[in-house]
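Student: Sequence annotations record features per position, and here TrEMBL assigns Mn(2+) binding site to CYS148, HIS150, GLU184, HIS208, HIS405. Positions annotated as domain 'Peptidase M20 dimerisation' by TrEMBL: 232-319.
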Amino acid sequence: MTTLSEQVQALAPQMQNWRRDLHQFAESGWLEFRTATRVADALHKLGYQLQLGREVINAEARMGLPDADTLKQQEARALQQGALAQWMPAFSGGFCGIVATLETGRPGPVMGFRVDMDALDLNESQAADHLPQREGFASCNAGMMHACGHDGHTTIGLGLASVLMAMKSQLSGTIKLIFQPAEEGVRGAKAMVEAGVVDDVDLFTAIHLGTGVPAGELVCGSDSFLATTKLDVHFTGVGAHAGGKPEEGRNALLAAAQATLGLHGLPQHSGGVARVNVGVLQAGTGRNVVADTALMKVETRGVSNEVNDDIYQQALRIIAGAAAMYGVEYEVKLMGAARSCTPTQPWVDFLHQQAEALGIFDSVVDSKAQAAGSEDATCMMERVKQRGGQATYAIFGCELAAGHHNAKFDFDESVMGKAVQMLATLALNQSQFGGGR
């Protein structure tokens, strides 16, 4: 019988091909049309039961959705670049989510594994020393790049699907592989949660590669993600001649500026780390016109859901006050959100134990202090925990050519095989876990 290690080793060339194809045709959040059709086709050929698009995404819960014209244009572009037309109807309109299920026919828990598929809104480096450029698989889509490793995550999901199907006779319970769109900007997970995709999951694991974790190290239960909200604020005033009759105007630019200063004047929070940032401020049409429109893009973050919720409510009051001060209307649009969530220790302990026994990592740790970022897999973790299940977020350390969200980002592809072997080991040995529901 072929061992797990041998299966993963044999799969390595295919995984590299998958990853490099995904990297070359990078697609931003809610626009993963080519990616989703090819992932769905591969999973279908492996024999998985598939739920696609609207079956796994709640339309009303989507955040930060591109406009209809962009969705249509990018869908057409994807078809030109090799998206599989037979699968496109399921994903049309920005419903690029997939859940692949393997029923083993033997009793046992439902295990959920989540990977994300979207790229960043970034132009990839064309430098000669950038490996994807040198090897011919740099992104061909302007303003879209896999600069956070999600091409690797998707490949890990496909590799795991391949290995688990091949070893189905050794598995028990049910396996659910969740391929999520729009993680960047923390937009996609909530829509899948609201569609119920993790409501039956007993044991949940989300993953990431890199993130500054040293090569060869496995973090079994990352707990450093901040809760966050992403807001677009549109101020609408009244235009007027700035020299002739300025008193007839209602200045949206000044309202946005006042709100910006107010937001950045918020005090530190006694509950722990709290952040607010206005990253974009756009207003006006001309130097001699009282600005009648302004756009402010802002985010809040907090070490806990309570801290972030408090900062968010303060932000709303400041925005409302600034609008009232200058007599303008305003609209707040929620563009993304994620919760903070602590992994369940029994599942972290089991992952740690299994990783130590597997012996392919130089170091295995429960958690690690990291940069204060956010991740919307926490929405899935929180739902699983609320329903009595176990959940964790694992990070596989690897060498990086540059930091995440950098135009020269790239990673050592050997980490993908290690991740597949580790996750498959969890599935194969889950009957040994004694801390379930």
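Please read every residue number as a count from 1 along the shown chain.
Including glycine, each Cβ sits where the backbone N, Cα and C put it.
A quick note: this is a predicted structure, and the numbers were derived from the prediction, not measured.
Tell me what's around each of these sites.
Tutor: Shown in sequence order, GLY149, HIS153, SER222, GLU375, TYR393, ALA394, ILE395, PHE396 are the residues of the chain, 6+ apart in sequence, with a C-beta less than 8 angstroms from the C-beta of HIS208 (Mn(2+) binding site).
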Student: Would you list the other residues of this chain near Mn(2+) - those whose C-beta lies within 8 angstroms of the C-beta centroid of CYS148, HIS150, GLU184, HIS208, HIS405 - in sequence order?
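Tutor: Other same-chain residues near the Mn(2+) site: ASP116, ASP118, LEU120, HIS146, ALA147, GLY149, GLU183, HIS404.
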Student: Given the binding-site residues CYS148, GLU184, HIS405, which one has the fewest other C-beta atoms within 10 angstroms of its C-beta?
Tutor: HIS405
Student: Per DSSP, how many helix, strand and coil residues does the domain 'Peptidase M20 dimerisation' (232-319) have?
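Tutor: Secondary-structure composition of the domain 'Peptidase M20 dimerisation' (232-319): 31 helix, 31 strand, 26 coil.
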Student: Summarise the model confidence on the domain 'Peptidase M20 dimerisation' (232-319) as a single mean pLDDT, whole number.
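Tutor: Across the residues of the domain 'Peptidase M20 dimerisation' (232-319) the model's pLDDT averages 96 on the 0 to 100 scale.
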